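Taken from TrEMBL as is:
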type	residues	note
BINDING	94, 99, 104	oxalate binding site
BINDING	97, 99, 104, 145	Mn(2+) binding site
DISULFID	20-35	disulfide bond
DOMAIN	49-199	domain 'Cupin type-1'
């Protein structure tokens, strides 16, 4: 039990001091960010303003994510948590994506949002639900998931993530927008479509 418990850690390592404000310009390369000198830490290192502002959803998918990770809030370094606001235009989507380093928990602030995630192979089961204002849904770490505004007005959600730097891999962008391109014949075989279909989709990314 002692050996097993030593491996039962969260996504990010636990801090070994009160705080470790990120120093993105630090000369030391570590898994995360080096610590800013504690004597130089200021209240603004633990502060972010802007989640009350609506994101610009005038884009192809009709949504905008406003992240609050260690990149925006240096005081999150080593704390194993972050958050984001997601704005949706009517029928806008947050396309299928995954967070390689975090579990995500979402609460609807305004509107009606369809959410879902897909389990891993071989079952590949879709687990989906329509949420109303005040509802909460959790997406397990690493699984492909999505959100869609199913209302006629704007929708807003707030999410929490179990990493200071959860990362995001949008499936369509990764598969069809990789640079250099993933070979089109490989994708055609994987998706069982004509190469011309792959070329068309890749041209959009």
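Note that Cβ sites are derived from N, Cα and C of the backbone, with glycine treated the same way.
Keep in mind the model is a prediction, meaning the values are calculated, not measured.
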Excluding 97, 99, 104, 145 themselves, which residues in that chain have a Cβ inside 8 Å of the centre of the Cβ atoms defining the Mn(2+) site? 98, 102, 117, 139, 143, 144, 166, 168
I'd like the number of other C-beta atoms within 10 A of the C-beta of residue 99 (oxalate binding site), please. 24
By CA-CA distance, flag whichever of 20, 35, 104 among the recorded positions is nearest to residue 97 (Mn(2+) binding site). 104
Relative to the Cα of residue 94 (oxalate binding site), which of the recorded positions 20, 35, 145 have a Cα no more than 10 Å away? 145
Cα nearest residue 104 (oxalate binding site) among recorded positions (20, 35, 145) -> 145
Of 20, 35, 145, which recorded positions are close to residue 99 (oxalate binding site), meaning a Cα within 10 Å of its Cα? 145
